[in-house]
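The annotation domain 'Major facilitator superfamily (MFS) profile' is assigned in TrEMBL to 25-458. If you look up TrEMBL, you'll see 24-48, 60-79, 91-114, 120-141, 148-167, 179-200, 212-230, 236-254, 275-300, 306-328, 365-387, 437-457 (among others) marked as transmembrane segment.
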């Protein structure tokens, strides 16, 4: 890559850009990704309201959240091929347009499944966008600033979903759940207009054939596996059939990638120890975050009679703490490496989780706020470092595939944890007991995270 003080050559496409254009691109990309990931959890505090409006069980209504996360993961595998096949402007404008269609459709319906479709359209756009943003920013900035850039990306990845419940609670205090679509609509329209008239192109299109069998098998296989999780409590046999069928189709997808000259996803990146280990760490910590964000608002609304606003605001200090931590840890990683952030972050998550598992209907809200805030600081420390550390040994032509796999499996893990922890929390007749069981699951996963991290770092 070629750099001067005022200009540089983008390594993804070989196009020369002035530095001020890089700043504009980074700003547009990060803002758009933040809005799409904010949308990931914005329905959490609205679930009790929506389940009553549509006369649905909470376990069905939660698919507005876990389905969104699932589709983020399922749409991500095609990202690398789309980014290769089309120019950066074409990808960005197309993805934002799809997101806008879902945003317009959502509040127009009185049918739950049309609402779910609108959410899934938003999620398809979000899944492609977050990978696009990571690949683009890695290409636009030099390697010695990668930790800082990934810190900013981690800020968006963790703070976006973390702010969602608080933002949702604030909106629901004054408006209906439809306002959650209306409020982001003008933002997306403005982003689209800016992109059409001001976003410079920083990549060239290439001749890439997208393998339809790979796309179909990845979505059907992984989708069936994750959909089966929420069915175990209501239809055990159907859940088992979907789990087995989904696993077999997923195996076919993985096997097919090894036979293609241009695979949808390059599975050889799993041969890199750093990538595979840090991917496991990222999946665990993101799943822990998503599952906890799903059950805490439900706990406070159902057991303490709190409003959606109050329940959402409990998570806000944690979101702010996460946003402040990510860039700092990213800069620390550039100079000192991964050991301290991952170890210290894991210990903080473990201690904070133990505090949450002792939560009752009489526990001070401030104790929960502090425990959750510490937990989010720990999660942010791990996320900021693990993603960057996992990409460090990949070749230039492997980074897009490594980034895509990281995003896909992270989102799939988030969807699985979301569905499993909500399921665990709602199985007992007493929601307090169920919430404790769900948090104990996250504690066990944190212990596993520590073991995996220690084996790698030592």
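Indices start at 1 and increase along the chain as displayed.
Every residue, even glycine, has its Cβ placed from backbone N, Cα and C.
The average per-residue pLDDT of the prediction over the domain 'Major facilitator superfamily (MFS) profile' (25-458) is 83, rounded to a whole number.
Counting residues 6+ beyond its ends, the transmembrane segment (24-48) has Cβ neighbours under 8 Å at 17, 58, 61-62, 64-65, 68-69, 72, 92, 96, 99, 119, 122-123, 125-126, 129-130, 132-133, 136-137, 140, 152-153, 156-157, 159-165, 167-169, 172, 177, 180, 184, 187-188, 191, 194-195, 198-200, 202, 290, 293-294, 297-298, 301-302, 308-309, 311-312 in the same chain. Simply put, out of 236-254, 306-328, 365-387, 306-328 has the most Cβ pairs sitting under 8 Å from the transmembrane segment (148-167). Residues 39-41, 43-44, 46-47, 50-51, 54, 112, 115-116, 119-120, 122-128, 130-132, 135, 210, 214-215, 218-219, 222-223, 226-227, 230, 264-265, 290, 294, 404-405, 407-415, 418-419, 422 of the same chain sit 6 or more residues outside the transmembrane segment (60-79) yet have a Cβ under 8 Å from a Cβ within it. Within the chain, the transmembrane segment (437-457) has long-range Cβ neighbours (under 8 A, six or more residues past its boundaries) at 273-274, 277-278, 280-281, 284-285, 287-288, 291-292, 295, 338-339, 342-343, 346-347, 349-350, 353-354, 356-357, 359, 382, 417, 420-422, 424-425, 427-428. Within the chain carrying the transmembrane segment (179-200), a Cβ under 8 angstroms from the stretch's Cβ atoms is held by residues 17, 21, 24-25, 28, 31-32, 35, 38-39, 42-43, 46, 88-89, 92-93, 96-97, 99-100, 103-104, 106-107, 118, 168, 171-172, all 6 or more beyond its ends. Same-chain residues lying 6 or more positions outside the transmembrane segment (275-300) and placing a CB less than 8 Å from one of its CB atoms are 41, 44-45, 47-48, 58, 62, 65-66, 69, 157-158, 161-162, 164-165, 169, 269, 306, 308, 310-312, 314-315, 342, 349, 353, 356, 359, 365, 368, 372, 375-376, 379, 382-383, 386-387, 389-391, 393-394, 402, 405-406, 409-418, 420-422, 425, 431-432, 435, 438-439, 441-442, 445-446, 448-449, 452-453, 455-456. In terms of C-beta pairs under 8 Å, the stretch of 91-114, 120-141, 236-254 lying closest in packing to the transmembrane segment (212-230) is 236-254.
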